[in-house]
């Protein structure tokens, strides 16, 4: 067998199947586009669902890809096994109703055994098949010539995820020899068993049945092929190394970890776990961020945060106690650059994100340890066992490996309730598995739409009306020849001016009519074969297939949509100009009455930045720039500087919307002919939608004017109420009112202090001596939570060597504050005092050794909490 680099294996695979008439499908971003069922692209076939379910027809029925993927259902196994990964590449060849078992098996055998390709020794290959799949058996045995002893029948060789396509599969195994798997059970020592000797290198799925709702199976009219070969595993076989982590995909990362940690890989099993965790997770994190994901507290962002924190925790076992993961990004970029240049192109941005996350986690790590210490105290006082749910929360929220929790617990003479912990883990796995199965289920779209292939030409770029013919009617999921008034129907036209929802732009609305009927069009979408599919309600008459009709778009809405779409392009360019090139579109909505634009950026925009962006857009509007739209090949478009939206896929011919020099962008939407038609642009809000993603909402034209007019009316009302005549006087008057308010509040605060002081009497007389300390513990009557802190400041100035603890009832809520002279904080800590008191009033709190505060919801227990804290100090 040839010894090949991973990049060479990838290229050979693609080249082989191109020779066999396959179309290369580029690797899609890890963040799914137009697929809300997936958290991540998790397999090679995930990006091809649109072809398998009929939403789109591929240029060729034969497809090959090398798809990057993320799976996080087994995170806890990564690092402890030879081949578990969260990020991996899946090589795959696919047939959409073209070739089937014969060719799929022959292709696989040729690629693996031919000296031109992988050059594997045929006598080291074994296969598994489903017991009832005699067709696959005969191909392997009679056509390929594989001995019967190397064809293993396994009941589990059937790909089935519930309703939808399913079928038997055949897996190909490579025998690595007797040196491998010596510690594995003898009963598992066969291809398909749990062992290290026989490695599965390729899985061929023969999708030939439909799994029906009643659990029966019927043959599919079009049979498909779906195969998968893990690049990392094939590299380990080709390079003859024990695990995936010793291939050229990982070893440069391992070498860098060795330099930083001063530890060696493959010397100590416990240390090796940390090496593998770090190397795996940095690949996942770097690629996910390069594809638009960012750390967050939910969704895919939470997965990234959890992976990064897990890697940081394991790095500490190697003695690395400072941010360093970000330094590995350049190495990942260098390894993967030949096929994935995106990581290198965005390396600076990726490193900034990772470094920021690392710094934050090192800060919060102390909090996690503090929580664990509290759990230990709680366990010592009760069962001598840390609650499993608490341990799981520590693991899941703070990224603490359970091994670390157990280790610290053992040092404290405790156990961890692993039964409950494992139960929580299993529930999480079950949720992940269910989500994965749901996401993989391919819903076959209506065969009616899939079988309609007649052309429907969009003419709406040039006109909002058209004389055309109604060619197809779909009612209640069936194609019909006529529909009566009052019904909702889907239909197609030979030519249509109606834009179908796409690229963030909403669909046109309007009417389709003739003398006999009228349809009010409410939605337009793309059918599986690319036609515009209209939805509408029949207003009157009887609609018939073949009717000649007039199609008219609502032109007022169309004009407003055009303005908003062109303004969105200007906004995108302005954001890049003001904030930086890291800004990428993360979503958009272009409607008639407004526009919404989501983009990647670290934090909230300042008012000055918003003003700059708004002015830039308006300046381009007022320049009256002609909007030139051309169709050209993708290479020419990029050469002229056209901006392609991140994550979008484009065909060979693209449409360029040119507002040069400010904005040149690839876009299929409808636009104004000159920027002056937009009239006016006004940002009405800027907000966050998630970690690292901001959202701008804006108005144009008449809507922007009406918005400003409304603001002016409110401003005039305010002037009237303030009794000022000119606009300039408003700010002066407002400042005057604010100053007066501050003065009154200060007077009120002073009066509150005086009242409290009168009620308290001589506080020196209330100081007690407890356990050798001067202590003032009392309830105070104050009007608000701020006043208790002010009262504390007064008491501290008078009692500088005294421990002071105050509590108050403000609006049926407890406020507490404690101070300890700094000379005493080695023995008594204010934070501890509040933490002891707070639970008694059903609250919580904490703070520094010299000052702490807290609150609670049971003011009836204030006296009890004050008595308790006196006893607590007495027993220190």
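Using the three backbone atoms N, Cα and C, a Cβ is placed for every residue, glycine included.
Features reported for this protein in Swiss-Prot:
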- 565, 569, 667, 671: Zn(2+) binding site (BINDING)
Exercise. Under a three-state reduction of DSSP output, how is residue 671 (Zn(2+) binding site) classified: helix, strand, or coil?
Worked result: coil
Seminar exercise, completed: For residue 565 (Zn(2+) binding site), the number of neighbouring Cβ atoms whose distance to its own Cβ is within 10 Å equals 25
Problem set entry | C-beta crowding around residue 671 (Zn(2+) binding site), within 10 angstroms | 24
Exercise. Excluding 565, 569, 667, 671 themselves, which residues in that chain have a Cβ inside 8 Å of the centre of the Cβ atoms defining the Zn(2+) site?
Worked result: 566, 568, 627, 657, 665, 669, 670
Problem set entry | Number of other Cβ atoms within 10 Å of the Cβ of residue 667 (Zn(2+) binding site) across all protein chains | 24
Exercise. Once the chains shown are all counted, how many other Cβ atoms turn up within 10 Å of the Cβ of residue 569 (Zn(2+) binding site)?
Worked result: 26
